[in-house]
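The annotation N-acetylserine is assigned in Swiss-Prot to S2 on the grounds of sequence analysis. According to Swiss-Prot, the feature region 'Interaction with PPP1R16B' maps to 54-113, an assignment based on sequence analysis. Sequence annotations record features per position, and here Swiss-Prot assigns region 'Laminin-binding' to 161-180, 205-229, 242-295 based on sequence analysis. What Swiss-Prot lists as region 'Disordered' is 218-242, 266-295. Residues or ranges marked as compositional bias 'Basic and acidic residues' by Swiss-Prot: 218-227.
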Amino acid sequence: MSGALDVLQMKEEDVLKFLAAGTHLGGTNLDFQMEHYIYKRKSDGIYIINLKRTWEKLLLAARAIVAIENPADVSVISSRNTGQRAVLKFAAATGATPIAGRFTPGTFTNQIQAAFWEPRLLVVTDPRADHQPLTEASYVNLPTIALCNTDSPLRYVDIAIPCNNKGAHSVGLMWWMLAREVLRMRGTISREHPWEVMPDLYFYRDPEEIEKEEQAAAEKAVTKEEFQGEWTAPSPEFTATQPEVADWSEGVQVPSVPIQQFPTEDWSAQPATEDWSAAPTAQATEWVGATTDWS
């Protein structure tokens, strides 16, 4: 499909991205219309998708999207959680109209309802999950593009891009690749330079994992602030200027108390039957009398 043009050939970094995201890994079941997209089957029963066919169909889908004059007439739909973020990012990059979440029945066929819309091209993430828009597209002769796994039904699908449409990384990478090729064919970005948008922005993330990461980051920031607060110098608002005192002994007046001289006694000469409780009482009386000046 890419012809003999070297510019449209699949690069090595693209192959590495496909392999890292698991785009080549299909399911254990195989639809008869997807047989010519299969490269081989593993010993555990998983079918391996031929990435060369994936790249050719990706370029064909990009050419079909570029052929639409008004980018807003391209409808991109994903009812599954793994493709909703990728669909919104693709629409923001290419100007398409996204429908992330539940598709309202009758959007393409019921002219009475307020959500009625007539797009010129439909791109879905999963033909099995997005069967309602595919069925309505067949009623209004709307061309369709779909990311198809090995067990996906190809009914009402005009351009099937064989890939792993179950994994969050694979779905995000396929929408990123499709958006990049559309922008390259429009001339918005150059093929000589890599696209500055990373594929990680198209990946689905579980809200619970995001909350856990935010809580861990907040706890780490709090502990870091506490650690810095213990070792940093006190702020100037808490420092008070103290008067300079040349001699600290002059600042405090201590009352002078005469020191009494007690005769030295020979403890060995006292009898062993002496009452020890009487001696402290007499001394305590003297100390009380000596310290009357303090009061």
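Here the Cβ of each residue, glycine as well, is placed from N, Cα and C on the backbone.
For the region 'Interaction with PPP1R16B' (54-113), the number of residues in each DSSP class (helix H, G, I; strand E, B; coil) is 30 helix, 9 strand, 21 coil.
Summarised as a single figure, the pLDDT of the region 'Laminin-binding' (161-180) averages 90.
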